[in-house]
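Please read the structure below before turning to the comments.
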Amino acid sequence: MKTLYSPRRFYPVETLFNGTLALAGRDQETTGFAWWAGNARLINLSGKLLGAHVAHAGLIVFWAGAMNLFEVAHFVPEKPMYEQGLILLPHLATLGWGIGPGGEVIDTFPYFVSGVLHLISSAVLGFGGIYHSLLGPETLEESFPFFGYVWKDRNKMTTILGIHLILLGIGAFLLVLKALYFGGVYDTWAPGGGDVRKISNLTLSPSIIFGYLLKSPFGGEGWIVSVDDLEDIIGGHVWLGSICIFGGIWHILTKPFAWARRALVWSGEAYLSYSLAALSVFGFTACCFVWFNNTAYPSEFYGPTGPEASQAQAFTFLVRDQRLGANVGSAQGPTGLGKYLMRSPTGEVIFGGETMRFWDLRAPWLEPLRGPNGLDLSRLKKDIQPWQERRSAEYMTHAPLGSLNSVGGVATEINAVNYVSPRSWLSTSHFVLGFFLFVGHLWHAGRARAAAAGFEKGIDRDLEPVLFMTPLN
C-alpha cells in the first residue's frame, strides 16, 4: 500500500517538529503528516479512515438531534418560529409535521420524536466510529474486499461514486413519498394563508423542470431559485432522484472512458477536491434559495424575505390610508410618482415608493390582489381580507435585516422587532461555508495536480531561508 505515494512527491512539504509523538503506527515519520493534519495520516488505512468518517457522521447527527431537542425545549407556540431564532423546527414544519392551517403549530411531539431519533442514531454512529478507529482492522482490503479500495483503482472509485448517487436518489424520493403519501407537506400557497396538503398533480414535464436550469440567474428570472409551486419542487425531486439512481447504476456497471481517465486526476486528494467543489455549489445555491425563495422556505416559519417585508410595509400603509379616505389610485408622492401605486417599466401596476425595486415579488398574501396588469385597484378597494392585513403587518416588522448587535428590521420602521431572522442566519452561514469549501477545493486541487505531475508545491523545509537569518532580537 505504501508504494502508491512516493515519499519524493509527498513528504518534503511537511515539517517534522515533534518526532516523539507516535500514534499506533500513524506517526509523522511513517505517514509524512503530523497529528494536526487529521485524516491525511489515514490516506492508506481504509479501516481507520472509515472510522473517522463514521465518527464524523455521528457528530453531525448528534448536533442535529441535540439542537432539535434544544429548539423544542425553548419553543413558545404563541410566537412565530422566526422570532425565536429557530433553524431546525422550520425545516420540520415545512415537511408538514405538527402544522395546521396558516402555519400554526398544533403539535410539537413530532419534533421531539425527530430529536430523539437523531440522538439514538448518533449513538450508533458514534460507537461505529470508535470501533473502526480503535479496534477494527487498519485496512479493509484483505478481510472485506467489497469495502476495500485503492485510490488509483478507477473502476472501484466510480463504483463508490455510483453507490453514493443511489443513496442521494433514495433521499430525493423520501421527500416525494412524504409529499405524495405520508401526510403531505406545507404549502404556503394553499388558499386562505397556507396549509399542509398532499401533492397530487406532480410536474413531470422535462421542459418545465429543466427550464429552470436554463433560466438566467439574474433579476426576475432567478434560475432554479425562482421555483414557486410545490408541484414543480416535488416533480423536480422525482427527476433528480431518478437521474441519481440511474446514474449510480451506470457508474457501478461501467468503467471510466478513456477521456475521463486522461482528464481527471485519480488520487484521494483529487477526490477530496471534487467533493469540496460540489459542496461549495450546494452552499451557494442554498444561500440564494433561503434568502429569496418563500415556497421551499415558507415565510410563516422562516420569516419574510427582504423584498417581502418591504412590499408588506407598502401594503400595510396603503390599507391604513385607504381606510382614512386616501384615494390610493391617484395620490402623488414627494417625487411626483404615485405615493401608493405606480407602474413598472413594463406597465404593471405596482406598489409605489422605495419598494418599487421589489416589484417582482410574489407572495401568497399578495397574489390574490393581482389582476392581468399587476395590482388590481378594484380588488385593493374591496377584496383585502383580514388575514392578509395581519400577515403583512407582521412581516413589515420582521424584515431579515438584523445583525447581532443591531435592532432588527428596516431602519425606518419604528415598530421593527429586535431579532435576527433565520433567513439571515442560514443564508449568511451557507455563503461563508460555501466560500471556504471553494477555497479548500482550490487548495486540494492544486496539491493533487502537483502530486500527479510529479512535484509538490511548497518550500523545502530543510533549506528554508528563515533558518539562516539572524534572530530579530
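Note: Cβ is positioned from N, Cα and C throughout, glycine not excepted.
Marked as N-acetylthreonine by Swiss-Prot: THR15.
The phosphothreonine feature in Swiss-Prot is assigned to THR15.
Feature annotation from Swiss-Prot assigns transmembrane segment to 69-93 (among others); the stated evidence is sequence analysis. Here the transmembrane segment (69-93) has Cβ contacts under 8 Å with residues 99, 103, 105, 108, 110-112, 114-116, 119, 186, 297-303, 394, 398, 417, 419-423, 425-426 of the same chain, all six or more residues outside its ends.
Residues 1, 4, 25, 43-48, 50-51, 255-256, 261, 266-268, 271 of the same chain lie 6+ residues outside the transmembrane segment (134-155) yet bring a C-beta within less than 8 angstroms of a C-beta in it. Marked as transmembrane segment by Swiss-Prot on the basis of sequence analysis: 134-155 (among others).
Here Swiss-Prot flags 178-200 (among others) as transmembrane segment.
Taking Cβ pairs closer than 8 Å, the transmembrane segment (255-275) reaches residues 43, 151-152, 154-155, 157-158, 440-445, 447-449, 451-452 in its own chain, all 6 or more past its ends. The feature transmembrane segment is assigned by Swiss-Prot to 255-275 (among others).
Look at Swiss-Prot and you will find 291-312 (among others) tagged as transmembrane segment.
As annotated by Swiss-Prot, [CaMn4O5] cluster binding site applies to GLU367, with the evidence given as sequence analysis. Counting every protein chain shown, 11 other Cβ atoms lie within 10 Å of the Cβ of GLU367 ([CaMn4O5] cluster binding site). Secondary structure from DSSP puts GLU367 ([CaMn4O5] cluster binding site) in a helix.
According to Swiss-Prot, the transmembrane segment annotation covers 447-471 (among others).
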